[in-house]
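Input: a single structure, listed below in structure tokens.
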Amino acid sequence: MEGLENMAFVCMVASLMTYFSGYMNFSLTKSATTLTNFVGTSFLMALFGGFICDTYWTRFKTCVLFGCVEFLGYALLTVQAHFHQLRPIPCKGVSSDQCEAADGIQSAILFTGLYLIAFGTSGIKAALPSLGADQFDENDPKEAIQLSSFFNWFLLSLTIGAIIGVTVIVWLSASQGWDLGFGVCAIAVFFAIICVSMGKSLYRNNVPKGSPLARVAQVFVAAIRNRDLPIPERAEELHEIHDKEAGVKQEILPRTGQFRFLDRAAIANTTDCASTSINPWKLCTVTQVEETKILLRMLPVILSTVFMNTCLAQLQTFSVQQSTTMDTRVFGFKVPGPSLPVIPLLFIFVMIPIYERFFVPLARKITGIPTGIRHLQRVGVGLVLSAISMAVSGVVETWRKSVAIEHNMVDSTEPLPMNFLWLGFQFAIFGAADMFTLVGLLEFFYAESSAGMKSLGTAISWCSVAFGYFLSSVVVQVVNKVTGGWLASDNLNRDKLNYFYWLLAGISTVNFGVYLTCASWYRYKDRGAMKQIENGGEDDAKGNVQMVEI
């Protein structure tokens, strides 16, 4: 499902800029803003999808229903692209007085289709990784290793879909018509839904445990209400649901030392003890308090990875613009600009099997960790590589500008005598960074989230991408204002894009220092002390089973 769905989504991201400006007659600024908002919303709305499948629906049901919404979005765009009455007259080849941007109804159809896609893909991004990971038991040493492999193969599926999207489907859209391109995307999502539905009878399905946001809010409210009570030193003095009280299988988290002020939410006073029913807004369990602590510990980690995705957004915009000034021929074939992202995707495609089959087993023998290295270490490697990628981008841009000056082509619209594959170095390095960071974050948030917050945790990891894209336009505007217009010209040969890349490299280095501080401060869940309780009767002889993670 991930391969087919991402094939459609990445094709959209790679080619919509051309569709907006060339077929909907949007200005370049409006096209860029619309694309950035679409991508940012697609990832940010994953929070809603994560909330839905932790609270109300199973992850399988979430994937299917949100997939149907995404299918409707592509179908609507296909209809608009096919019927010229639903689009403005293209500006190319007509006089300026006939060139008009999309009117209200045409824009309404376009944005309805776009945000149906954004809404649909957000639910899939939140639920699908967790649905796959749910099929492995973290408590089983053998399945714990397979769980780590799953996330690597998940990224490989995502990458293969993206490669097909930015090559085959982008070419179809550009040469055979946008209605065919959008139609293929709709068909891909339809078969994605069919594929995931074929395994319905085989899946381990999560049981929704109620609103995770409500449980977090209850902890803060209860802690504030009990703010005058002294915090007990012994964990046994705090409220917890013990074995005999547990009606269903659930996770029991031990008390930790961070954010001790929240422990007050689990302090039972005399009134609470005498009451037959406990008000969760006055008294919470230790496990509920620890759920909240885990979420708070995760926030600095995810915030310190946002800037990497800001750098990714720059590569997907400015580097594509760089390629338009260079020779894009490869073995006599002219490569379209939107297909440039295939370079990092091909690099990831090659690197994942090497990482999975060679690096992880070797690292596992050395560290004894099922994943080879810890999740946060993997993310850190990605952040270092992203800073290196920005520095290399600055070097390549400096060389590109020197070629333009040397051949007296600063103001020329002709391609420079420099092949665009030189941009492949920065893309390949960033592809490796993405391989480490994206999977590291997905696996980290799934493994560290409590049982009732798995999908929400996965959704939070995607928010790093959303905030990175939203921050991207802000960074460009601030840099232009402070520097007097490093990127203000429409001529890259006169801009200071190389300075901008070096600035990003410097900020990325500082950001890595911040990340190191956050990662060092983070405390992983104590799996040795974690318990899962399942109670099927009144006493142990009637089915009370307790499983303790070793």
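Here the Cβ of each residue, glycine as well, is placed from N, Cα and C on the backbone.
The following features are taken from TrEMBL:
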type     : residues : note
TRANSMEM : 7-26     : transmembrane segment
TRANSMEM : 38-57    : transmembrane segment
TRANSMEM : 64-84    : transmembrane segment
TRANSMEM : 104-128  : transmembrane segment
TRANSMEM : 149-174  : transmembrane segment
TRANSMEM : 180-199  : transmembrane segment
TRANSMEM : 298-319  : transmembrane segment
TRANSMEM : 339-358  : transmembrane segment
TRANSMEM : 379-400  : transmembrane segment
TRANSMEM : 420-447  : transmembrane segment
TRANSMEM : 459-479  : transmembrane segment
TRANSMEM : 499-522  : transmembrane segment
Long-range CB partners for the transmembrane segment (180-199) (under 8 A, at least six residues beyond its ends), listed in sequence order, are 1-5, 7-8, 11-12, 15, 60, 63-64, 67-68, 70-71, 74-75, 77-78, 81, 120, 128, 131, 169-170, 172-174
Who are the long-range neighbours of the transmembrane segment (298-319) in its own chain, taking Cβ under 8 Å and residues 6 or more past its ends? 13, 32, 36, 340-341, 376, 379, 382-383, 386, 389-390, 393, 423, 426-427, 430, 433-434, 437, 441, 444-445, 448-449, 457, 460-461, 463-465, 467-469, 471-472, 475-476, 487, 492, 497, 500-501, 504, 507-508, 511, 514-515, 518-519, 521-522
Can you work out which residues elsewhere in the same chain, 6+ from the ends of the transmembrane segment (7-26), have a Cβ less than 8 Å from its Cβ atoms? 32, 34-35, 38-39, 42, 70, 74, 81, 87-88, 90-92, 99-102, 106-107, 110, 117, 121, 161-162, 164-166, 169-170, 173-174, 178, 181, 184-186, 188-189, 316, 338-339, 341
Residues of the parent chain within Cβ reach of the transmembrane segment (459-479), under 8 Å, 6 or more residues beyond its termini: 32-33, 36, 39-44, 46-51, 122, 125-126, 298, 302-303, 305-314, 317, 441-442, 444-445, 486-487, 500, 503
Is the transmembrane segment (104-128) packed against any residues at least 6 beyond its ends, judged by a Cβ distance under 8 Å, and which are they? 1-2, 5, 9, 12, 24, 34, 38, 41-50, 52-53, 59-60, 62-63, 65-74, 76-77, 80, 86-88, 189, 196, 455-456, 458-459, 462
